Amino acid sequence: MERVIVSMQDPDMGMKMRNQRLLITVIPHAMTGRDIVDWLIQKYTITEEEALHIGNFLVKYGYIYPLKEPRNLCLKQDETPYRFQTPYYWTSTRWPASELDYAIYLAKKNIRKQGELIEYEKECYNALHKRINHTWDFVVMQAREQLRASKQRRKADRIVLECQEQAYWLINRPPPGVMDILEQGPDRRNVSDVMLYMWCLPLKNKLCMFVWVCSFVKYCEQYQDHDPIMQGCLPSNPWITDDIMYWNMNSETVTMPTKLRVERWSFSFMELLNDPLGRKELLTYLEKEFSAENLCFWQACEEVRHGEASKIAAKVDEVYKQFLAPGASRWVNIDSKTMEKTLEGIKHPHRFVLDDAQMHIYFLMKKDSYPRYLKSELYKNLLAKAIVPQETKKSVFPFMRRQRHSSPSPALVTQTAEDNGKAKPSAAKANAGTASQI
Amino acid sequence: NFCVIFITFEGFLSRAGEANFPLAKMAAQEVQPSETIAKLKSESEALKTKLEEERAKLHDVELHQVAEKVDPLGQFVMKTRRTLKGHGNKVLCMDWCKDKRRIVSSSQDGKVIVWDAFTTNKEHAVTMPCTWVMACAYAPSGCAVACGGLDNKCSVYPLSLDKNENLAAKKKSVAMHTNYLSACSFTNSDMQILTSSGDGTCALWDVESGQLLQSFHGHAADVLCLDLAPSETGNTFVSGGCDKKANVWDMRSGQCIQSFETHESDINSVRYYPSGDAFASGSDDATCRLYDLRADREVAIYSKESIIFGASSVDFSLSGRLLFGGYNDYTINVWDVLKGTRVSILFGHENRVSTLRVSPDGTAFCSGSWDHTLRVRE
């Protein structure tokens, strides 16, 4: 904000000031609200709405104060006069704004207005009188001194000083009901005593840099049609039309998925695995190829990694029995070095003991099974049959809003299963199906 | 070229002891400590600038240059589709449920509310025993929420649908820090939670037992935010703090594997780009930045002279083309990630935007504000 204020006061490119008539007094170096907004529009190439928004903050934070209606700290986009606050009172200086200072200010006002303070100021004044009663003589003496000194000034200066001080206190002691603009939330530690160390990794070459930067462009282009905020979605965005068809058509348990969804599986192996339906399709394909144990093993490893600490040993044992033991029913084909290391590690099972084996199988699927799946009849048929939904237009009569249907809470699904004494298929599926971030 | 510079200041000198360190000895005997430190500081600044210049010479491929040939975005009309009213005080944090329509939000007065944002119905409410609940998260299964704040803890509440049941009764205290909890996130299951705290650390916890699985030390001040990487191996996360640094961590070893320090003030929010190759940050220095993890450097900065308030919260649209930033001047600025330009500015909130998340399927985004409301916009 100070940067903006300094720019506004620039002798060449800053605001044009003029004298403002306030009743019978002429106040120099003032500007109108309209001028402020216009200057902001011109300087930052922004809209009127944004300029007014910023201008309002300059007033609310006390960098500019109004000459008329000084209690109303807002920017009016008309001939209302404003002035720059003196840096002494800038919010950033963070004077402690102590009770003593406030008391002196109120005392001055009280004397000047002969006891006719505004309600809340009267309350504050009385409260302060009670609280710092022992220094009250000092307060009154200071107040009288400051008033006497100000009487020596020209009327215009006196008015300006009073306005500046009033603006300062309006911000530091906001009236009841007015937002406290200075509230920052819980204190954060300041960084001092810093250990500063820098390092440079080997400087990569320009070609790599170019490839990496291009990858963002590629990614955005690839996903553009799948981005509902950018391109919309079919049949319609539920938040706009209140129609939840889009969610129903893309749910986990749908029989026939949409074309976009099936297409997305071809973007990366992660996309296929992240979609429970995609994973199911992959499993079907792998079963045909007699390599389904890979996917099952990978899933079992995920459950070890992300499961309860107390169940790790038991789960690892299960995995060993099913997938790793010699002659196991679903033995996975891992290279001997990894297998040796894993079997050794299993003797003292921990959360990450299966990581190497899991990675090996993951990359095996990614490099081998996944590309073949994408070329398979299974995938191609599904893609051909996949649905392209019809667009649902927003209701022609805007006041006839569609009823917004509620959906069963995910917590309910689990609870019902529990109540029925069954195992928790939904929860497990939900966990497995959401075993990644996307 | 490798280059390592290691410089320490007041704290180190005072702890070092004169006898062992010639520098400290010199400082103590001949020269005022503050002068030596000042000299060291200015030397290190000069070296830092020189290093940056050298690096810049080899890296003059900027994102916005490559993106020049990309079609510019048209005008975006994003309206508020839902306004969630019900919090009696500042909304500090929110998170989406995987079902794409429910959200959990937390506020200054200790209230944590679970909403079906689509119908705007409140489904659950919990009152925490502390104020300033700055962190909340939805469990992947949708069956629980986690939250915490000035109580220095992260607690997990299973969501019960029995109206008579008091949610607070089943509360599980999971994480314990020595300062406020600033952010929390479930990892890929309901069983683990990652937290960040004002005590300068992040930590990984086992929900069932409350056991600390791993702690992450390296920030020099409060850690304010974190985000888990959507990578294939799912083992890293990024955190941002008051030390202006964004650190990338290995969850297994607890090591900081990468660090970025180009912001000029507190980093309030970090969020991964959908591919996992980069992350964005929002800071009190009124800028958002994009950091590429492979190139190990900042590749874009999103700022405008007219934006003079800090960014509190950032998130990407599904394709990563748009970056939404909630700011302390009550607005939301929408950035073209590739071109680095601002696409749109959204008004509506009547106080700071404190939290902002895009929904899991990218159909909308929700912002929470100190004006007590949450808004879902598309």
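From the backbone N, Cα and C atoms, a Cβ is placed for every residue, glycine too.
Segment annotation: TrEMBL labels coiled coil over residues B:37-64 (candidates B:37-64, B:65-92, B:233-260, B:345-372).
Residues belonging to the repeat 'WD' (B:174-215) score a mean pLDDT of 95 in the model.
Within its own chain, the repeat 'WD' (B:346-378) is flanked in space by residues 78-85, 87-98, 100-101, 103, 105, 107, 115, 117, 312-319, 324-334, which lie at least six positions past its ends and keep a Cβ under 8 Å from the stretch. Taken through DSSP, the repeat 'WD' (B:174-215) splits into 0 helix, 25 strand, 17 coil.
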